[in-house]
2 protein chains.
Amino acid sequence: MNTSPLAQAFPELPAIEGVTLRVARARYKEWDRCDLTFAELAPGTSVAGVTTQSRCPSPEVEWCRKALVLGQARALVVNAGNSNAFTGDRGRAAVEAIAARAAGHLGCQPSDVFVASTGVIGVPLPIDKAEAGLDAAFTAQPCDWRAATDAIGTTDTFPKAAVTRAIVDGKTITLVGIIKGSGMIAPDMATMLGFVFTDAAIEPAYLQRALTAANEASFSRITVDSDTSTSDTVLAFATGAAGNATITADEDAGADAFRAALSDLCLQLAHLVVRDGEGATKFIQVDVQGAESDRSAHRIAMSIANSPLVKTAIAGGDANWGRVVMAVGKAGEPAERDRLAIRFGATQVARDGLAVPDYDEAPVAKHLRGQEIEIGVDIGLGDGRATAWTCDLTHGYISINADYRS
Amino acid sequence: MNTSPLAQAFPELPAIEGVTLRVARARYKEWDRCDLTFAELAPGTSVAGVTTQSRCPSPEVEWCRKALVLGQARALVVNAGNSNAFTGDRGRAAVEAIAARAAGHLGCQPSDVFVASTGVIGVPLPIDKAEAGLDAAFTAQPCDWRAATDAIGTTDTFPKAAVTRAIVDGKTITLVGIIKGSGMIAPDMATMLGFVFTDAAIEPAYLQRALTAANEASFSRITVDSDTSTSDTVLAFATGAAGNATITADEDAGADAFRAALSDLCLQLAHLVVRDGEGATKFIQVDVQGAESDRSAHRIAMSIANSPLVKTAIAGGDANWGRVVMAVGKAGEPAERDRLAIRFGATQVARDGLAVPDYDEAPVAKHLRGQEIEIGVDIGLGDGRATAWTCDLTHGYISINADYRS
């Protein structure tokens, strides 16, 4: 697979105290690469998470949901190459076996072990390979973020990670996130597999609130192909090693700074997934304002971002704003044709229900030749606004998905 | 444009008494073909219609909605090459001018004239071209169904029409339908432009009820690319020339037969649109049963039919039933993974939440090499059922839409 033309360089990432990473070859597929990631977390680590809204979630997702109630984590295990989704009792047994094996090594409860898997749907995760891989990981040397990020990827064409910092209670805290995902991306409350690690001390319930809010403004605003995965999971782990007074509420010192840093990190990670969208050649930002509510604006933005006709027009560098009108119209949200305004980049192309007088397509065509595309829509009815991000729809998407058994 | 590999031969179509067709060159685009169709209807013709659910409908759609209230029609004018959508007051003026011109020729009210347009969005329909085209049509020799079907098409790769008959009140009545559409197809209560003509005598309100019901089971069950047009319109005209006692209610003689014939015709027309889906190489039927309700089954079926990953898998002949699970899960309807069963063609591939024992992919692979694909899903919860129809998603769709200014 060629690297996405929208790829970004892997950033310099600092260690997070309380987090130890190891990878191993479980050989879930016939490949010569690490495909099992094991993150050991210091005792006392808080955890929060958001998972797919799919009605057919993987057993890993169900396991994480139950474990999240307790708010404590000692380990994260990620399997790449097999999502273990839609595998019935055998899939559930595989997750339980992995959690038990990891808990036995660490001397913790199985419910302290979080498990996520990604890859083909419908094939039970082989327990023997998982256990052998875990055993290998326990004895392996610790690795860096890059090795862990490589090990969680599947059809990803570049490794995706981000870092932010904040001052909390006089201490510098650090957040590092790693993420994988390229197709089957329309998270609607979560994304493929994303993991955030911080050394801040955060009470689990507060970490959950902060993650839920960050997710709403990041992973829930991206789409590659409108197809929501069975396995979407984002987990956030806070080891507390930074030594700040534990954050438990908005009023606490540094709570604002932490929330802002977490939101920034999640948005960076979400954008990286779009930049690795299957077949993507352009990164598209859709800004909607003037809707009746923020929720309405969000639905309109996603209707545009999911439209195959809008996405193929952008792929072809075609300033086809009629397709944007179509996508606004099909969203089912309040809109009045005669108040609608549309821009590409900085150029207004339509206003008050028709093309602007003396519309000059040249600056729009130039904007569309770039890699970073902006579509702006003003509904003209109220104050609701929202932004969504997507990529274009190209021959590359067809080539990847008409052949690949995901 | 190459003819769709799923194309069907144009059928033998009889004349419908009370319907006179004429076509002309309005030259809405730089092409050498007829692009204006004028159907004159005998006095006393009943009319019914269904139109797009888009919140940004074309002025033609708004015009038809108003005129439908009166239930009478004397003419239909169809413009191809320019949809006149999102063109503000100038677009409305064009529709009014066309209706006035046709009404002047026929000595009827403008509200007896129905207008539909298809093509590029955002460019006002040039009134001078429309009027000159209409004038040419008035003096042209009457033409046959084939010429009219050709004249309403845009990106269609083959002309699409169908015929049915029924015995009503001792008389043989005939229904003929013509339709155009290939992309921007996700009608959700109507489709691109479809026109049904019958010589039966039907009271307008009853014709509307029959058309609404037929639409629910046909045009509302197809999708090419999930993009709902601004201009979707289906109109049905009943001239009454067959001489049956006018049908006004379900209890009337022949009402059942008429409804069945109309439903059959609409389904034939809907299938033809899917067979001309942009880039289509396979015709896909999605059968869902066991859902909590028919409505729930419909939503699940459309979620599968709209999934890019399901459609690319079929394009590649890949029996990737995991993507069907994904599409069931993202529909947001009640579903339990451990009760789900899936088949391709006649072969069961998954049952009770996992692959069937000793699953043999050979017969499935053979089925997927054909042009007529069946996906069957049993949700296992209730009695709700629904069927949807779509086509595969191929490089052809990308090629057509990354270049064509629709």
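For all residues, glycine too, the Cβ spot is worked out from N, Cα and C.
Per TrEMBL, the features are as follows:
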- A:T154, A:K180, A:T191, A:E278, A:N401, A:S406: substrate binding site (BINDING)
- A:T191: active site, nucleophile (ACT_SITE)
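Overlay of TrEMBL annotations on the structure.
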residue : record                 : DSSP (3 states)
A:T154  : substrate binding site : coil
A:K180  : substrate binding site : strand
A:E278  : substrate binding site : coil
A:N401  : substrate binding site : helix
Out of A:T154, A:K180, A:E278, A:N401, which binding-site residues come under 8 Å of chain B, measuring Cβ to Cβ?
-> A:N401
Count the other Cβ atoms sitting within 10 Å of the Cβ of A:N401 (substrate binding site), across every protein chain shown.
-> 28
Using a 10 Å radius on the Cβ of A:E278 (substrate binding site), the other Cβ atoms enclosed count 30
Binding-site residues (A:T154, A:K180), the one with most neighbouring Cβ atoms at 10 Å | A:K180
